[in-house]
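A.B. asks: According to TrEMBL, the feature transmembrane segment maps to 12-33, 45-67, 99-121, 133-152, 164-186. What TrEMBL lists as domain 'EXPERA' is 40-185.
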Amino acid sequence: MAESTELFSQLVVFLLFVSFLQFVAGLVLAQIFGKAVSRVDKWVLVWLFYDAIVHFTFEGPFVYFSLVGTVAKSDSLLTEVWKEYGKADSRWLHSDPTIVSLEILTVVLDGLLCLVAVYAICKDKHYRHFVQITLCVCELYGGWMTFCPEWLTGSPSLDTSNFLYLWIYLVFFNGLWVVVPGLLMLQSWGELRDLHRAQKTNKRK
């Protein structure tokens, strides 16, 4: 019990609450901007808004402080989330070049693709699924390159010794960016398949 209390400190509870508020913000924004879209696409908007918020508000500061120094040496409140996450994966504390390179791509490219995808869904643009698939591939590639090099070297930077670090920090928060992009790619595949079938049907008439 004492170990559990120590792990779930006030800072941890606060940071988890902030993550929840980010999701709520995505939910609210989807309701505001997605009034004309289907129920499924409204949930897609929730994810895209949440995704963009995380990229810009969490990962953006990480990139900045990693380029001008390291998270571990920074006194900024904006690095507290990464100092905490760094207890599970120490690469985030010391400006690991692979991690920083991936995060630059994530913040700049993925963040912008999220916003383009939101616009494409709300305005029913023809390029919606091209953007959605591109974003999902980027997210999945980022996840693979974040962990595969670490696994191949025996995971020296990962601490999986307790529930919080393993199942919440490493599995849950990283798993979201595997499961949801995978589901969105399936949605795009289904939509493009149906469009192709409809075009073939029209040609036969």
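We number each residue from 1, going along the chain as drawn.
Keep in mind that glycine also has a Cβ here, set from the backbone N, Cα and C atoms.
Note that TrEMBL annotation is computational and uncurated.
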A.B. asks: Checking distant contacts: for the transmembrane segment (45-67), what same-chain residues at least six beyond its ends satisfy Cβ-Cβ under 8 A?
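C.D. replies: Long-range Cβ neighbours of the transmembrane segment (45-67): 22-23, 25-27, 29-30, 33-34, 37, 74, 76, 78-79, 81-82, 92, 95, 99-100, 103-104, 106-107, 110-111, 114-115, 117-118, 121-122, 139, 180, 184.
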A.B. asks: Looking only at the domain 'EXPERA' (40-185), what is the mean pLDDT?
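C.D. replies: Over the domain 'EXPERA' (40-185), the predicted model scores a mean pLDDT of 97.
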